[in-house]
Structures are given as structure tokens and as C-alpha cells.
Amino acid sequence: MIVPVRCFSCGKVVGDKWEAYLNMLQEEELDEGTALSRLGLKRYCCRRMILTHVDLIEKFLRYNPLEKRD
């Protein structure tokens with residue numbers, strides 16, 4: 001779904017780091033741990049928020065509940 005704005009455990013803002021994280025993985029070809037460290041995510045609870053997020057918003061945008069199926 002949508003990236004959580006804050007860490008569920010400690011409350012640190014993590015939502016603004018998602019785009020930069022994806023950019024580091026794709027363009028700079030860093031591994032996950034290095035990218036998270038460069039973003040300043042030191043606590044394991046905050047790292048978990050980014051590592052375990054599954055971005056499903058694009059799939060849900062294609063779904064139209066009012067569309068009739070034949």
C-alpha cells in the first residue's frame with residue numbers, strides 16, 4: 001500500500017525516504033543494508049519499515065469496483 005509515514009515502534013519519520021531508497025537500489029546498485037545506512041536509518045525498527053514494505057498501490061489503482069464483469 002502506501003509507505004508508512006512514521007515508524008510504528010519509535011515514531012521516526014521514514015515515509016520521505018522511500019523514493020531515495022528505491023533510487024539507491026536501482027540506479028546506484030547498492031545492497032539494502034548500505035542504502036538504509038546511507039539514509040540514516042540506524043534502528044532496526046525503522047529499517048524494518050522500509051525493508052518489509054510492499055508497494056501495492058499501482059495494482060490497486062487498476063482495480064475498479066464499479067466495473068461489471070461478463
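The first residue you see is number 1, and the count goes up from there.
From the backbone N, Cα and C atoms, a Cβ is placed for every residue, glycine too.
Listed features, source Swiss-Prot:
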BINDING   Cys7, Cys10, Cys45, Cys46  Zn(2+) binding site
As a test of the contact definition, list every same-chain residue at least 6 positions from Cys46 (Zn(2+) binding site) whose Cβ is closer than 8 Å to its Cβ.
Cys7, Ser9, Cys10, Lys12, Val14
Work out the three-state DSSP category of Cys45 (Zn(2+) binding site).
helix
To see if you understand the setup: which same-chain residues, six or more apart in sequence, place their Cβ under 8 Å from that of Cys45 (Zn(2+) binding site)?
Cys7, Phe8, Ser9, Cys10
Quick one: among the binding-site residues Cys7, Cys10, which has the most Cβ atoms sitting within 10 Å of its own Cβ?
Cys7
DSSP three-state call for Cys10 (Zn(2+) binding site): helix, strand or coil?
coil
Extra residues within 8 Å (Cβ to Cβ centroid of Cys7, Cys10, Cys45, Cys46), Zn(2+):
Phe8, Ser9, Gly11, Lys12, Val14, Arg43, Tyr44, Arg47, Arg48, Met49
